[in-house]
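Read through the structure below, which is laid out as structure tokens, and then see the notes.
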């Protein structure tokens, strides 16, 4: 049996990361990668690993997912999430969900406990109740920063588009020792978005896609642009044509930029366990672990490398 070396890649969103938040974003993606990798090392599935990595970032207020999500026009948090299993193309997603801590958990339950792939708003809420997922007060998900930004965007001369540049959707892709791939993506969406707006994250083929025959990818960036080109599926298509993960990612991002003027970022792993983290925005926080080596960065061309043991030690000391 050709056992695969497990690989995990995570992103904390493409866009602009403000100086004072860089450390927190780096620490957050590293922590998520370490958690996902430890699932894989213990023989866990790719699906378990990506769910765990994304859950870790949903709980981290530095990212626009779960706690720390941006607010819609009414000042509420509405979240989208998707998970996909490359073995049989099973997928589960939720959109416009409120008052739960981990939308990715709910997306996985949609995949495993229903015959459907996407539940929205009130229906997703009823399903969460039926599955015994605790409801939390919406305020618990709102950070001071999200509220400040929402207020700024309400001012008559404000330009919410300006603020969309730090879009921290979070995501993960993995390949496990059995050679199965999976992806997961979660987001609070666009600041001051219309109530009921669903972006790329909850849409299969746009926010993410996973297929053992080619690989897995999770995307971040301007949702409407990503949906227009079905970015995740496009990248896998390029890999099916023989491109490496890096070239496939760059080609698809370039097409999105020239065709519809959209910027974004992607993480990719192919069926051979080769990975890429690429972006057309100024920055994207990302981290990956393969062969017990952790790589991570935020700026184009930036790549720190540590052994997993070293990373775990500094994790215990509080980074």
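First residue shown is number 1, and so on along the chain.
Each residue, glycine too, has its Cβ placed from N, Cα and C.
Within 10 Å of the C-beta of residue 169 (active site, nucleophile) we count 33 further C-beta atoms, all protein chains included. Residues or ranges marked as active site, nucleophile by TrEMBL: 169.
Feature annotation from TrEMBL assigns substrate binding site to 197, 198, 199, 200, 220, 221, 222, 223.
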Next item on the list: Go through 197, 222, the listed binding-site residues, and name the one with the sparsest Cβ surroundings, counting other Cβ atoms within 10 Å.
Entry: 197
Checklist line | Recorded substrate site residues 197, 198, 199, 200, 220, 221, 222, 223, farthest C-alpha pair in Å | finding: 16
Notebook entry, point to check: What is the number of other Cβ atoms found within 10 Å of the Cβ of residue 199 (substrate binding site)?
Noted result: 23
Margin query: Give me the long-range Cβ neighbours of residue 200 (substrate binding site): same chain, 6+ apart, Cβ under 8 Å, in sequence order.
Written below: 206, 207, 219, 223, 224, 226, 227, 231
